[in-house]
Amino acid sequence: MEIDASGPAPASGPARAPLRRVLMLAALAGLVVLLLAAGNRLAQQRALGQGHLRAETALRLTVNALQADLARYEMLPQLIGDLDLIRQLAAAPGDPALRRATNQWLAAQNAALQSSNIYLMRPDGLTIAASNFGTAVSFLGQNFAYRPYFIDAMRGHPARFYGVGTTSGVRGYFFSAPVRDAAGGIAAVVAVKIGVDRIEEAWRGGDYQVMVTDPDGTVFLASDPGWLYHSLNPLTPVRLARTQAARRYADTALTEFPQAALHRAGVELLRLPHAGGGTRDFIAATQAMPGAGWRVHVLLDSAEAMAQARLMLASMVLLLAAGLSGALMLRQRRARIAERLAATAELEHRVIARTADLARVNQRLQQEIAERRATEAELRAAQASLVQVGKLAALGQMSASLSHEINQPLAAARNYADSAAILIERGDYPRARENIAEILALVDRMPAIGKHLRQAARQPGDGTGAVALAPLLRETRTIVAQRLAASGATLELDIPADLPPLCAGPTRLQQVLVNLISNAADAVEGSADRRIELAARAGDGRVTITVRDHGPGVPQAIAARIFDPFFTTKGIGAGLGLGLSITANILRDLGGQISLTDARPGACFRVSLPACPPEAAP
Ligand code: ADP
């Protein structure tokens, strides 16, 4: 039995499922894109942040180194100004011997200190002694009154200034200090110019770039020479005028950086032209240098950080893919487990259903068994009552037969007696005697009825022994001769000469044969074929005798009852219905049996008896 537990699926179900799946996939893809975008930004932020930290560290080192470098020259102008030689020349600027001596001394000091130039100016700005005397670019006779470092020193305190030499065109850092006369007034100004190439040289070759901007945002020191004299801030006319007045950069033209500042992932970057062409984006760390009014910028190429960010993103993508595939695998695993569980549940469901079916069938069977038992009991009861009814019927039949058998001769005897009385009255004694003889004959027949009943009650008449069938049959033939003649039947015998003797009582066996032959003779009466065939065969220690006729045979309906006592189909007076019953009883006594074999047309009775062993033969 197939049980379908699933109900009909909703009509829109199959169409909705793929749509839901597509939407889910789209949502998932969107989520992945969002995650990647956020991850990208995070990775960039992180990599750039780390770059910035590195740049800041480098910046601190750079500023410290720069400050230390400049500090070395800081006090130099004051120390030089305190020297007698310098003071003497300041007091007598026109003295040629003093000027010569001073020039030579300054040149020697300049070489020893590795500075660019050392020179002395009168209070009007005219240079009276210089370390580069006698060269093509000698400062002697030059007036630097417009230079801020001169103006500041003339105000009575040391000063510093950055700029391009107006005479030499060489960039440098200028330190200056006033030279005091005996009265404490300012007699001259000493200036020390330091070249910056050396500083820039130190910056090159590192993995970061350095540039220094003046208070107006103009680059005047840079590891990349291409950046020099470019401004990070807009070049306003005021700024240009200020720079021009100080002649800071002599005649060098200033330009702005095209689009210098930009942002990436929330981190500020500087886009600067690169020596190899094009631009580069730099992570910038900036610090003001106290005292100098400068800003030092350390620049780290962001390409490296971006590559790092890309690597981080790639790892993130890999991680995400691994996570997704892991989730997918987990999902599939769960689906498989769910499927298996569903199958098990379905199986269990079926088992339960089948068990329930079996239980129902079992219950029905038990019910049927109970019903059958009840029916059987009813049948038994019915059978018992039928047996009772059959017995009563048999009794009725018997009494009818008996009363007929007795009443008929009695009635005849009475008639004969009446006739005899009349004949005696008439004196006809001979005929009266005949009548009396008839009465006596009738009375003599009466005990025969009792004999029949006795036999029916199974009282064995003789003992058993070896009986040869052929001689017994010869005897029997004479007994039944009259009966055979009356019905026009013929008896054909088929007895083998070597047939072993039978174990039986001769009288009773003869009774059996007479009964069977008589019944056959009754049956063939009126039939076309009136042969009665009696055959005997031996086998397996037994002898089988068959008596066959060609009469109408025994109808199937009564075949089971013909061996019952008082069962007859021959009508009142024609038979008592005891013949076959007596026959069956005799044979049972003799250890034999009888059966009816259908041989239509006709009947065939088969008798089986034990054969006698040869030593028991008479
Ligand atoms: P009865 O001969 O007095 O009727 P039996 O006991 O000998 O009693 O036979 C019982 C019944 O069996 C007969 O009435 C008859 O119907 C049936 N019968 C016996 N032998 C034959 C036979 N050879 N052919 C047909 N019917 C037979």
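Even glycines carry a Cβ here, placed using N, Cα and C.
For 22-39 (among others), the entry in TrEMBL reads transmembrane segment. Under 8 Å from some Cβ of the transmembrane segment (22-39) lie the Cβ atoms of residues 313, 316-317, 320, 324, all in the same chain and six or more residues away from its ends.
What TrEMBL lists as transmembrane segment is 311-330 (among others).
A Cβ distance under 8 Å defines the sequence-distant neighbours of the coiled coil (358-385), meaning residues of its chain 6+ beyond its ends; there are none. Look at TrEMBL and you will find 358-385 tagged as coiled coil.
Taken from TrEMBL, the feature domain 'Histidine kinase' covers 401-613.
Summed and averaged per residue, pLDDT over the coiled coil (358-385) gives 86.
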